[in-house]
């Protein structure tokens, strides 16, 4: 379905409810620049470097796009998805079933989730929705539950510290969304709905959190304006 949620009756505050879940795939493909290309980059990299039967847990898996891509790349992967939205998980499970894929899903608040040891954790556009006081604690848990030489892939919308640059990047992003078919009204309405829900950090703040959690080797593998993907290695 096409995302027209903010066309007439803007939501007071953004949440991943049934209305969002029903249009999520269209929404994210039109709202996150190079979403599919970045998803494939990360998936192909993991498929290339991970050992047989590697376990991968997608934290904030939404409609399972990344997990489904991974499952089709390597049949030996052990795949898990966690999300706090029942509506999003309903879509994820339906898609996995339609493709005949064996993916385990958990409905949980990530800050309260009973983590288990994995080779890879993925947090694509997830940390930005976690309340700031809880982010470091969550990253600490992720690091603790990674196997030796484990990997975290983390994609985030980021802030620029320079006000002039930030203003112009935000305007370029709005231009991008207009080219994807969103009206100025829809863009403004969604921005208002996301205020105090999606709280981005700067690149430096994200790197500091990763380092504080214990990651020593951190690289940026994708960036477009105010969107960036980090890969961090344990040990």
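Just so you know, glycine gets a Cβ as well, placed from its N, Cα and C.
Listed features, source Swiss-Prot:
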| type | residues | note |
| --- | --- | --- |
| BINDING | 35, 60, 61, 62, 83, 84, 124, 191 | S-adenosyl-L-methionine binding site |
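Feature map: annotations from Swiss-Prot on the structure.
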residue: 35; record: S-adenosyl-L-methionine binding site; Cβ contacts under 8 Å, 6 or more apart: 28, 29
residue: 60; record: S-adenosyl-L-methionine binding site; Cβ contacts under 8 Å, 6 or more apart: 82, 83, 84, 110, 123, 124, 125, 126, 129
residue: 61; record: S-adenosyl-L-methionine binding site; Cβ contacts under 8 Å, 6 or more apart: 67, 81, 82, 83, 88, 89, 92, 105, 122
residue: 62; record: S-adenosyl-L-methionine binding site; Cβ contacts under 8 Å, 6 or more apart: 16, 24, 28, 83, 85, 88, 92
residue: 191; record: S-adenosyl-L-methionine binding site; Cβ contacts under 8 Å, 6 or more apart: none
Rounding to the nearest whole angstrom, report the longest C-alpha distance spanning 35, 60, 61, 62, 83, 84, 124, 191, listed for S-adenosyl-L-methionine.
23
